[in-house]
(Lines of atoms letter the chains of each structure in order from A and count residues from 1; the text may use other names and numbers.)
(Lines give C-alpha, C1' and ligand atoms only; values in the text may rest on other atoms or scores of the structure.)
Protein backbone atom coordinates (compact mmCIF):
# COMPACT_ATOMS: atom_id res chain seq x y z
CA UNK A 1 0.00 0.00 0.00
CA UNK A 2 2.85 2.39 0.86
CA UNK A 3 4.52 1.60 -2.47
CA UNK A 4 1.23 2.16 -4.33
CA UNK A 5 0.67 5.46 -2.50
CA UNK A 6 4.19 6.58 -3.43
CA UNK A 7 3.56 5.80 -7.10
CA UNK A 8 0.25 7.66 -7.01
CA UNK A 9 1.93 10.69 -5.40
CA UNK A 10 4.67 10.66 -8.04
CA UNK A 11 2.15 10.47 -10.89
CA UNK A 12 0.11 13.31 -9.39
CA UNK A 13 3.27 15.42 -9.03
CA UNK A 14 4.22 14.76 -12.66
CA UNK A 15 0.71 15.62 -13.85
CA UNK A 16 0.74 18.86 -11.86
CA UNK A 17 4.13 19.81 -13.30
CA UNK A 18 2.98 19.02 -16.83
CA UNK A 19 -0.25 21.01 -16.50
CA UNK A 20 1.68 24.01 -15.19
CA UNK A 21 4.10 23.82 -18.11
CA UNK A 22 1.28 23.58 -20.65
CA UNK A 23 -0.63 26.44 -19.06
CA UNK A 24 2.35 28.79 -19.20
CA UNK A 25 2.77 31.12 -22.16
CA UNK A 26 6.47 30.84 -23.03
CA UNK A 27 8.39 34.08 -23.32
CA UNK A 28 10.95 35.07 -25.92
CA UNK A 29 14.02 32.84 -25.88
CA UNK A 30 15.97 35.27 -28.07
CA UNK A 31 15.84 38.96 -28.98
CA UNK A 32 13.72 38.41 -32.09
CA UNK A 33 12.61 35.79 -34.59
CA UNK A 34 12.37 37.38 -38.04
CA UNK A 35 9.99 35.31 -40.16
CA UNK A 36 11.65 33.18 -42.81
CA UNK A 37 8.86 33.09 -45.39
CA UNK A 38 10.88 30.85 -47.71
CA UNK A 39 11.25 28.08 -45.13
CA UNK A 40 9.58 24.75 -45.90
CA UNK A 41 9.34 23.95 -42.18
CA UNK A 42 5.69 23.87 -41.04
CA UNK A 43 5.28 25.51 -37.63
CA UNK A 44 2.56 27.45 -35.81
CA UNK A 45 3.50 30.75 -37.41
CA UNK A 46 6.77 31.19 -39.28
CA UNK A 47 10.19 29.66 -38.81
CA UNK A 48 12.97 32.06 -37.80
CA UNK A 49 15.69 33.07 -40.18
CA UNK A 50 19.27 33.26 -38.93
CA UNK A 51 19.47 36.37 -36.69
CA UNK A 52 22.81 37.20 -38.28
CA UNK A 53 21.03 37.80 -41.59
CA UNK A 54 18.43 40.20 -40.13
CA UNK A 55 18.37 43.71 -41.59
CA UNK A 56 16.65 46.91 -40.47
CA UNK A 57 13.98 46.53 -43.18
CA UNK A 58 12.76 43.40 -41.35
CA UNK A 59 11.39 45.73 -38.66
CA UNK A 60 10.07 48.54 -40.86
CA UNK A 61 6.94 49.48 -42.83
CA UNK A 62 5.99 52.72 -44.56
CA UNK A 63 2.54 53.66 -45.79
CA UNK A 64 0.11 54.27 -42.92
CA UNK A 65 0.16 57.99 -43.69
CA UNK A 66 -1.63 57.30 -46.97
CA UNK A 67 -5.42 57.02 -47.13
CA UNK A 68 -6.82 53.76 -48.44
CA UNK A 69 -9.33 53.50 -51.28
CA UNK A 70 -12.83 53.36 -49.77
CA UNK A 71 -14.62 53.07 -53.13
CA UNK A 72 -16.37 49.79 -52.33
CA UNK A 73 -19.82 48.65 -51.19
CA UNK A 74 -18.94 48.92 -47.49
CA UNK A 75 -17.21 52.28 -47.80
CA UNK A 76 -14.12 51.30 -45.80
CA UNK A 77 -10.67 49.84 -46.27
CA UNK A 78 -8.25 48.27 -43.81
CA UNK A 79 -4.50 48.67 -44.29
CA UNK A 80 -2.97 45.88 -42.20
CA UNK A 81 0.53 45.88 -40.74
CA UNK A 82 1.12 42.38 -39.41
CA UNK A 83 3.77 39.70 -39.87
CA UNK A 84 2.95 39.58 -43.59
CA UNK A 85 4.21 43.17 -43.91
CA UNK A 86 6.86 43.27 -41.15
CA UNK A 87 8.73 39.97 -40.84
CA UNK A 88 10.22 41.10 -37.53
CA UNK A 89 6.79 40.90 -35.87
CA UNK A 90 7.05 37.11 -35.89
CA UNK A 91 6.51 35.73 -32.34
CA UNK A 92 6.05 39.23 -30.85
CA UNK A 93 2.26 39.04 -30.48
CA UNK A 94 1.33 42.47 -31.80
CA UNK A 95 0.17 44.09 -35.04
CA UNK A 96 -1.44 47.27 -36.33
CA UNK A 97 -3.99 48.46 -38.89
CA UNK A 98 -5.22 51.72 -40.34
CA UNK A 99 -8.94 51.88 -41.15
CA UNK A 100 -10.32 54.50 -43.54
CA UNK A 101 -14.06 55.17 -43.74
CA UNK A 102 -15.96 56.98 -46.47
CA UNK A 103 -18.89 59.17 -45.36
CA UNK A 104 -21.41 56.76 -43.80
CA UNK A 105 -19.06 53.87 -44.54
CA UNK A 106 -18.66 50.91 -42.23
CA UNK A 107 -16.26 48.19 -41.22
CA UNK A 108 -18.96 45.48 -41.18
CA UNK A 109 -19.54 42.96 -38.37
CA UNK A 110 -16.49 40.73 -38.08
CA UNK A 111 -14.25 39.07 -35.51
CA UNK A 112 -10.57 38.38 -34.93
CA UNK A 113 -10.12 34.75 -33.82
CA UNK A 114 -6.63 35.33 -32.45
CA UNK A 115 -6.57 38.88 -31.07
CA UNK A 116 -8.07 41.58 -28.89
CA UNK A 117 -8.30 44.93 -30.68
CA UNK A 118 -7.91 48.44 -29.29
CA UNK A 119 -9.12 51.17 -31.64
CA UNK A 120 -8.23 54.88 -31.58
CA UNK A 121 -10.16 57.42 -33.67
CA UNK A 122 -7.84 59.88 -35.42
CA UNK A 123 -10.43 61.78 -37.45
CA UNK A 124 -14.22 61.86 -37.51
CA UNK A 125 -16.87 60.12 -35.41
CA UNK A 126 -17.64 56.41 -35.35
CA UNK A 127 -20.48 54.38 -33.91
CA UNK A 128 -18.80 51.18 -32.68
CA UNK A 129 -19.82 48.10 -30.76
CA UNK A 130 -19.36 44.43 -29.97
CA UNK A 131 -21.73 41.62 -29.03
CA UNK A 132 -21.07 39.12 -26.24
CA UNK A 133 -21.30 35.36 -26.70
CA UNK A 134 -24.39 33.16 -26.23
CA UNK A 135 -26.76 33.17 -24.48
CA UNK A 136 -26.70 36.89 -23.51
CA UNK A 137 -25.69 38.34 -26.92
CA UNK A 138 -25.47 41.73 -25.24
CA UNK A 139 -24.49 44.72 -27.37
CA UNK A 140 -21.91 47.16 -25.97
CA UNK A 141 -21.87 50.24 -28.22
CA UNK A 142 -20.76 53.86 -28.14
CA UNK A 143 -20.16 56.86 -30.39
CA UNK A 144 -16.46 57.68 -30.54
CA UNK A 145 -14.95 61.03 -31.47
CA UNK A 146 -11.42 62.11 -32.31
CA UNK A 147 -9.00 60.84 -29.67
CA UNK A 148 -11.40 58.29 -28.18
CA UNK A 149 -10.31 54.69 -27.61
CA UNK A 150 -12.40 51.50 -27.55
CA UNK A 151 -11.56 47.83 -26.92
CA UNK A 152 -13.02 44.83 -28.78
CA UNK A 153 -12.36 41.59 -26.83
CA UNK A 154 -10.83 38.67 -28.67
CA UNK A 155 -13.19 36.53 -30.72
CA UNK A 156 -16.28 38.74 -30.31
CA UNK A 157 -18.25 40.14 -33.24
CA UNK A 158 -17.72 43.89 -33.59
CA UNK A 159 -18.17 46.74 -36.08
CA UNK A 160 -17.54 50.42 -36.77
CA UNK A 161 -19.82 52.83 -38.67
CA UNK A 162 -18.99 56.37 -39.78
CA UNK A 163 -21.97 58.46 -38.66
CA UNK A 164 -20.92 61.66 -40.43
CA UNK A 165 -20.82 63.00 -43.98
CA UNK A 166 -17.04 63.29 -43.71
CA UNK A 167 -14.21 60.80 -43.99
CA UNK A 168 -13.02 59.13 -40.79
CA UNK A 169 -9.73 57.46 -39.84
CA UNK A 170 -8.85 55.05 -37.04
CA UNK A 171 -5.79 53.12 -35.95
CA UNK A 172 -6.21 49.65 -34.45
CA UNK A 173 -3.65 47.72 -32.42
CA UNK A 174 -4.13 43.95 -32.12
CA UNK A 175 -2.64 41.41 -29.72
CA UNK A 176 -1.36 39.01 -32.36
CA UNK A 177 1.22 39.08 -35.13
CA UNK A 178 -1.50 37.48 -37.29
CA UNK A 179 -4.94 38.23 -35.77
CA UNK A 180 -7.00 36.86 -38.64
CA UNK A 181 -10.40 38.23 -39.60
CA UNK A 182 -13.78 36.62 -40.25
CA UNK A 183 -16.36 38.92 -41.84
CA UNK A 184 -19.68 37.45 -40.77
CA UNK A 185 -21.67 38.09 -43.96
CA UNK A 186 -18.86 36.79 -46.18
CA UNK A 187 -18.42 33.64 -44.11
CA UNK A 188 -22.12 32.80 -43.84
CA UNK A 189 -23.38 33.82 -47.27
CA UNK A 190 -20.21 33.68 -49.35
CA UNK A 191 -18.53 30.47 -48.20
CA UNK A 192 -16.89 28.14 -50.71
CA UNK A 193 -18.78 25.77 -51.05
CA UNK A 194 -22.01 27.56 -50.18
CA UNK A 195 -23.96 26.63 -47.07
CA UNK A 196 -27.32 25.08 -47.94
CA UNK A 197 -30.07 27.69 -48.31
CA UNK A 198 -32.31 25.39 -46.24
CA UNK A 199 -29.90 25.70 -43.31
CA UNK A 200 -29.52 29.48 -43.63
CA UNK A 201 -33.25 30.04 -44.12
CA UNK A 202 -33.97 28.13 -40.92
CA UNK A 203 -31.13 29.80 -39.00
CA UNK A 204 -32.25 33.33 -39.91
CA UNK A 205 -35.97 32.47 -40.05
CA UNK A 206 -36.40 33.90 -43.55
CA UNK A 207 -37.67 32.58 -46.88
CA UNK A 208 -35.18 30.60 -48.99
CA UNK A 209 -35.64 33.07 -51.82
CA UNK A 210 -34.11 35.78 -49.63
CA UNK A 211 -31.09 33.59 -48.93
CA UNK A 212 -30.71 32.80 -52.63
CA UNK A 213 -30.83 36.52 -53.37
CA UNK A 214 -28.06 37.27 -50.84
CA UNK A 215 -25.75 34.40 -51.78
CA UNK A 216 -23.46 35.24 -54.72
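Each Cβ is built from the backbone N, Cα and C atoms, and glycine gets one as well.
Per TrEMBL, oxalate binding site is recorded for 107, 112, 117. The Mn(2+) binding site annotation in TrEMBL covers 110, 112, 117, 158. Per TrEMBL, disulfide bond is recorded for 33-48. Here TrEMBL flags 62-212 as domain 'Cupin type-1'. Taken from TrEMBL, the feature signal peptide applies to 1-23.
Closest by Cα distance to residue 107 (oxalate binding site), from the recorded positions 33, 48, 158, is 158.
Rounded to a whole number, the C-alpha distance linking residue 117 (oxalate binding site) with residue 33 (disulfide bond) is 23 angstrom. Take the Cα of residue 33 (disulfide bond) and measure to each of the binding-site residues 110, 112, 158: the nearest one is 112. Mean pLDDT for the domain 'Cupin type-1' (62-212) in the predicted structure: 97. A gap of 31 Å separates the Cα atoms of residue 110 (Mn(2+) binding site) and residue 48 (disulfide bond). On the backbone, the CA of residue 112 (oxalate binding site) and the CA of residue 158 (Mn(2+) binding site) stand 9 Å apart. Apart from 107, 112, 117, the oxalate site neighbourhood in this chain, defined by C-beta within 8 angstroms of the site C-beta centre, holds 97, 110, 111, 115, 119, 152, 158, 172, 174, 179, 181.
Comparing Cβ neighbour counts within 10 Å across the recorded positions 33, 48, 107, the minimum falls on 48. Cα to Cα, residue 48 (disulfide bond) and residue 158 (Mn(2+) binding site) are separated by 33 Å. In sequence order, 109, 110, 111, 117, 128, 129, 130, 131, 152 constitute the residues six or more apart from residue 158 (Mn(2+) binding site) in its chain with CB-CB distances below 8 Å. Within 8 A of the CB centroid of the Mn(2+) site residues 110, 112, 117, 158, the other residues of that chain are 111, 115, 130, 152, 156, 157, 179, 181.
In this structure, the binding-site residues 110, 112, 117 were compared by how many other Cβ atoms lie within 10 Å of their Cβ, and the smallest count belongs to 110.
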